[in-house]
Amino acid sequence: MEQKNGSSLTGFILLGFSDRPQLELVLFVVLLIFYIFTLLGNTAIIALSHLDPHLHTPMYFFLSNLSFLDLCYTTSIVPQFLVNLRGADKSISFGGCVVQLYISLGLGCTECILLGVMALDRYVAVCRPLHYTVIMHPRLCALMASASWFIGFANSLLQTVLVFLLPRCGRNRLDHFLCEVPPLLKLACIDTTMNESELFFVSVIILLIPVALIIFSYGWIVRAILRVKSAAGQRKAFGTCGSHLTVVALFYGTAIYAYLQPSNNYSQDQGKFISLFYTIITPMINPLIYTLRNKDVKGAMKKVLWKDYDSR
């Protein structure tokens, strides 16, 4: 069915890695394993944060939000990708593409803001420890988490509407493995300079403002840690903050590369592999980073496992 502006509602062909058949088989096996670990790891974080009273703190409230977000994020992308990798049919319906873009972009934007909020939480915990419970009370934490989700999905709604209003003149072969704004813009048969400028401007706000907040927070955190005379205290502070900084570097580094470089410098092949990293690999390694470097989470895991073993 064709619209007056030439845009097709019959769906899209996700080319993905179809020009590399051998890579598709390897990717299918690797991504299936990664997806299973993502589900298990993030579900474990959410369950531990709920079951262990010692983890009923603002830090783990935000961490649970991040884990739930990562579960939804990968689930909005990976199942469809796995189906396309194993079959000859690489298509996705028009409605499916709209939903995938709206959900995945909304969750991605939410994660950008949430990581900034988590940096603010670490700042208060390290620099204002005596006032931590007063400042980061449950109502404020819930408000900041809700604001992150609302802003993320409000921006996603705007970008989704704008990109699908563009005429495509029958073009439906999307050189990507998911519906994402930059490759969708390339299907348009009109000049998209305004859309690219708007996307760049919004990306600067969504990506760089949280990064600035993170840099500011950790600048003060480092100053506070260096004043601590106890070596054990310094290690503990660096340990709790190091996990968050690792996640921040992995997520923002790849997202900034994908959304803040000029379109004429954008390599589609590089874009695919970068997207693989921040949509699939990062959500899988987040739980590993937080559990391997966090004594509280490891302690809670041991308690739950021993409690389950003793009950038998």
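Backbone N, Cα and C define each Cβ position, glycine as well.
The domain 'G-protein coupled receptors family 1 profile' feature in TrEMBL is assigned to 41-290. According to TrEMBL, the feature transmembrane segment maps to 25-48, 60-81, 101-120, 140-166, 200-226, 238-260, 272-292.
Residues 59, 108, 111-112, 115, 118-119, 122, 125-126, 182, 199-200, 203-204, 207-208, 210-211, 214, 218, 221, 225, 271, 274-275, 277-278, 282, 285-286, 289-290, 293-295 of the same chain, all 6+ positions outside the transmembrane segment (238-260), place their C-beta atoms under 8 angstroms from a C-beta of that stretch. Take the transmembrane segment (200-226) and the stretches 60-81, 101-120, 140-166, 272-292: counting Cβ pairs under 8 Å, 101-120 has the most. In the predicted model, the domain 'G-protein coupled receptors family 1 profile' (41-290) has a mean pLDDT of 86. Proximity of distant same-chain residues to the transmembrane segment (140-166), defined by a Cβ-Cβ separation under 8 Å and at least 6 residues beyond the stretch ends, is recorded for 7, 58, 61-62, 65, 98, 101-103, 105-114, 117, 120-121, 181, 184-185, 187-188, 190, 192, 195, 198-199, 202, 206.
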